[in-house]
Every structure is written in C-alpha cells, then in structure tokens.
Amino acid sequence: MTCYNQQSSEAKTTTTCSGGVSSCYKKTWSDIRGTIIERGCGCPSVKKGIERICCRTDKCNN
C-alpha cells in the first residue's frame with residue numbers, strides 16, 4: 001500500500017506502508033494556524049472535532 005504522507009500544503013510525498021497495513025488516512029482540523037491536514041498509513045482513532053477519511057487504494061488520501 002502506498003499512501004501520501006505530506007502535511008497540509010507541503011509538496012506531495014508518499015510512503016510505503018509496512019506491517020501489512022492496507023489503508024490510508026487523511027485527518028483535517030482547524031486551529032489558530034488555520035486548517036491542518038495530516039496524511040499517512042492506517043486508519044487511526046481521532047478526537048472529537050477532527051475529521052478523518054480512510055480509504056483502501058494506493059494514493060487515495062490526497
């Protein structure tokens with residue numbers, strides 16, 4: 001599985017997921033800096049107020 005792993009508005013980068021991980025995620029939230037976006041492998045739990053999208057195809061979390 002290959003997922004994007006860049007933060008917010010950085011240039012696109014990818015990572016190859018290890019350990020049999022078969023999903024990618026994109027988390028979005030707002031704070032005093034504005035909208036923050038985090039991407040990576042897996043499908044982590046999130047706290048209230050954080051939007052999470054999980055998907056199961058290569059590079060699906062842009």
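Placement of Cβ uses the backbone N, Cα and C atoms for every residue, glycine included.
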Whichever of CYS43, CYS60 is disulfide-bonded to CYS54 when Swiss-Prot is consulted: CYS43
Listed disulfide-bonded residues (CYS3, CYS43, CYS55), ranked by Cβ neighbours within 10 Å, top entry: CYS3
Positions whose Cβ lies under 8 angstroms from the region 'Disordered' (1-20), at least six residues beyond its ends: 26, 35-42, 58-62
Protein Cβ atoms within 10 Å of CYS54 (disulfide bond), excluding its own: 14
